[in-house]
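Feature annotations, courtesy of TrEMBL:
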type: SIGNAL; residues: 1-33; note: signal peptide
type: TRANSMEM; residues: 243-265; note: transmembrane segment
type: TRANSMEM; residues: 309-336; note: transmembrane segment
type: TRANSMEM; residues: 342-363; note: transmembrane segment
type: TRANSMEM; residues: 375-397; note: transmembrane segment
type: TRANSMEM; residues: 409-436; note: transmembrane segment
type: TRANSMEM; residues: 466-489; note: transmembrane segment
type: TRANSMEM; residues: 501-527; note: transmembrane segment
type: TRANSMEM; residues: 534-557; note: transmembrane segment
type: TRANSMEM; residues: 577-603; note: transmembrane segment
Amino acid sequence: MQRGIGHLPGGCQRTMGLHCVLILCFFSGWAVGYKQGDNVTLYVNKVGPYHNPQETYHFYTLPVCRPEKVHHKSLSLGEVLDGDRMAESIYHIRFKENVEKKTLCQLTLSEKQVDQLREAIEELYYFEFVLDDIPIWGFVGYIEESGFLPHSHKVGLWTHLDFNIEYNGDSVIFANVSVKDVKPVPLEEGAGAAVGGVGVGGGSVKVTHTYSVHWFDSTLPHSRRGERLRDYSFFPKTLEIHWLSIINSLVLVVLLLGFVIIILMRVLKNDFARYNVEEEGGCDDLDQGDNGWKIIHTDVFRFPPYKSLLCAVLGVGAQFLTLATAIIVMALLGMFNVHRHGAINSAAIVLYALTSCVSGYVSCSFYTQINGQRWVWNIILTSSLFSAPLFLTWSVVNSIHWWSGSTQALPATTVLLLLGAWILVGFPLTVIGGIVGKNRAGSFQAPCRTRNIPRQIPTQPWYKHAAVHMAIGGFLPFSAISVELYYIFATVWGREHYTLYGILLCVFAILLSVGACISVALTYFLLSGEDYRWWWRSVLSTGSTGLFIFVYSVFYYRNRSSMSGLVQSTEFFGYSLLTALVFSLMLGSVSFWSSLAFIRYIYRSLKMD
């Protein structure tokens, strides 16, 4: 739904923006204690199409019961990034006090408002309320299709909600909303139609909204109430075969790694035995009568072109490796409360700023080792390698959300907050890390000296070309994570709550291990063909996994999701491109350092002066 839904009230953006703070609120929250009759605030949050999770609008953009003055809840940065826009409702809920069919409000709807509600119901709009950090979901209305000739299309509005709340002692455990024993009020097309049996003429209709509240005693302690939410099934569940799929993937990956390691070690053993049989001689005499990777020992450590870009890729890749590892470990330690909206988003923003020093240090340190001279430009390139595409993508996506009136559009104050975090924290830490890395950088430590004149590279067979290596090096790591990737997509772009962080850590370790082993194998095959241009090839071979991930995202969009429309499509493909870039940077960095360590090892193991 586009501008017909309306825009976020002006006070909402100002209030939420001023209360967004860069602090980590990840630990499980303290139980809020209530006494008999205490007010339990119910917040209305957002509405949106059931099949488009990322397309959401403020609840009060619909013609519904609302207070005279809307008061918004103070939100964390992660909640704002998650599209939350919580505002106080006019539902009066008292702790452990039942309510039977209490009138909420009476509304007189214009013909335009009736059409607006019909459009929302036909697009399967659901709403989200929040009570004591517990999300409550329900549909705005009801659609009934019956008959073929004549065809019947009925649209009904739920005007009565039953709130079922579970409690243990003085704390709330769970809450949901039900319309089980309620009949929807029909919304007929055309002006002057009677709604709820009351027609008021002039193209207007009148509806009465009511609600009931029922409290139920529960034996579940507050510390385990997250389990109750995970068992609730308003959204479809798709994670039943998770363990079996991961075990199957793990077995295949272990077999793959075993074959690569065993075969490569046997080949290297034969190479060492053959090369080291020769009489001891100078380093310049070793290329006489030999072929293979030994003959290019005077060129293999020749520094590559585009040094600054290569070092920036390695630095940002190391930063995202640190960031991903930190988030997974924090999740394993239970630092993300399932009831706290946007906790991981907040963690990602803060950790991205704090780990900027890693990218600056790694990039500038290696840039200095390979005789780079423009270290200031290197720091700038490192800082903008990911932040520039991120800002460009976000600008397009946020503009479309703003145009459509979606709550996913960030308020101006939040934008300034994020920009300030990068300017005041992220970029300075990158500069500091770069200066430290430059000052602490040692020598490159090449086992052999490099000749001034490069050796001519022989013609390579087709299976040693870059495109083939990228296809092999990208597909194998992708196959190791393809199963887990589905569940991650279902969590990010769907309704799932991902909680199996132990599996995620195992899959992440498998991904890095496969990337490193495949990179070493492909580098060996490249050197055995007397091609010493391994620097960029090692980055691209395994870094191409990002291309496979983006192709998979297209498959997921078309075949595994029900997403559609300009808003959802732009956001999905924009951030899928960024995800592919992140994986390419991470795996490219792992691939390069693995190849460098391997090359140093094999040339250091030869008997050369």
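Easy rule for this one: first residue shown is 1, then count along the chain.
Glycine is no exception: its Cβ is also placed from the backbone N, Cα and C atoms.
On a predicted model such as this, the values are computed, not experimentally measured, just so you know.
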Cβ pairs under 8 Å between the transmembrane segment (466-489) and the transmembrane segment (309-336), at least three: no
Intrachain residues whose Cβ lies under 8 Å of the transmembrane segment (309-336), provided they are six or more past its termini: 24, 26-28, 343-344, 347-348, 351-352, 355-356, 358-364, 366-367, 370, 372, 378, 381-382, 385-386, 501-502, 504-505, 508, 512, 535-536, 539, 582, 585-590, 592-593
Interface-richest range of 342-363, 375-397, 534-557 toward the transmembrane segment (409-436), CB pairs under 8 Å: 342-363
Stretch among 342-363, 501-527, 534-557 sharing the most Cβ pairs under 8 Å with the transmembrane segment (577-603): 534-557
